[in-house]
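Have a look at the structure below before the remarks.
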């Protein structure tokens with residue numbers, strides 16, 4: 001990747017020079033503007049390594065970006081509709097991307113710019129992708145009501161299951177397990193056994209569409225987020241996977257759809273935390289167990305904030321509809337007032353601010 005990074009360094013530096021490394025009035029004056037990763041809205045982002053992220057957007061591109069140095073490293077072109085989800089298999093150079101073109105493509109950073117595998121068979125947009133812990137199976141879910149299990153090496157679909165009205169919105173593989181969790185537009189959360197490819201548990205239906213889910217690293221908890229408006233149904237919910245359907249707490253405070261919810265890495269001696277992002281243009285960080293809001297960041301003018309990816313216990317990447325990607329820092333709170341592009345803490349006193357936009 002060294003040659004690619006060198007190739008794009010000059011272009012990135014020229015862009016930053018033309019921008020004067022200053023942000024516009026939407027954001028705090030100290031926010032650095034880097035070369036944009038995408039043209040148009042960004043739908044999804046995930047981490048590949050401590051300094052590299054992968055994202056996908058309405059421009060149909062899958063982009064590898066060095067967010068610490070602020071430079072685009074590689075752009076993969078293969079989808080012919082917008083990219084809905086991206087996924088990196090930990091410890092590898094594999095990238096998976098789902099799209100409105102009904103396919104999932106697999107890329108390898110060591111094998112050029114062309115996809116090395118294509119998974120075809122869905123009839124509508126693919127919204128969920130997850131890879132098994134050992135890296136042999138790929139799970140996909142779509143608005144066509146199908147949940148599919150593929151052999152990654154052969155790209156053969158080995159299992160398919162259709163459930164009426166199961167318009168899949170997101171898929172997660174439970175760490176160290178044979179279980180897969182998925183959310184749906186039918187307001188339901190389902191747990192699948194990947195060995196039998198059958199639903200083993202169905203959580204009680206929520207009031208609104210379930211938009212996203214994430215599983216804690218220890219596999220004990222699931223957090224899901226809900227569609228909503230006017231403050232109704234805009235919550236995220238913590239569930240205990242050891243007692244399927246057992247609701248632990250709800251995180252309430254967004255006033256529009258909660259589009260994404262993720263567990264944050266717990267700092268040494270710190271408390272477990274959950275982050276959410278919303279169509280209301282805000283990010284909130286919560287105490288996982290008490291559901292107290294520890295801090296809120298409002299990104300005025302960024303539009304719906306549709307995806308989050310933790311970088312470590314002090315940082316987040318956020319994908320937005322109107323203003324690209326953001327690198328966000330989370331730290332102990334202060335009593336100083338913060339302007340646009342920075343957020344003040346709640347009861348827990350966290351300060352949340354944007355460091356860079358790309």
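Quick reminder: no glycine exception, Cβ is built from N, Cα and C everywhere.
TrEMBL assigns the feature region 'Disordered' to residues 1-21, out of the candidate ranges 1-21, 22-42. The average pLDDT the prediction assigns to the repeat 'WD' (168-202) is 97.
Outside the repeat 'WD' (76-117), and at least 6 residues removed from its termini, the chain residues within Cβ reach (under 8 Å) are 1, 43-48, 54-64, 123-131, 135, 138, 140, 142, 152, 155, 170.
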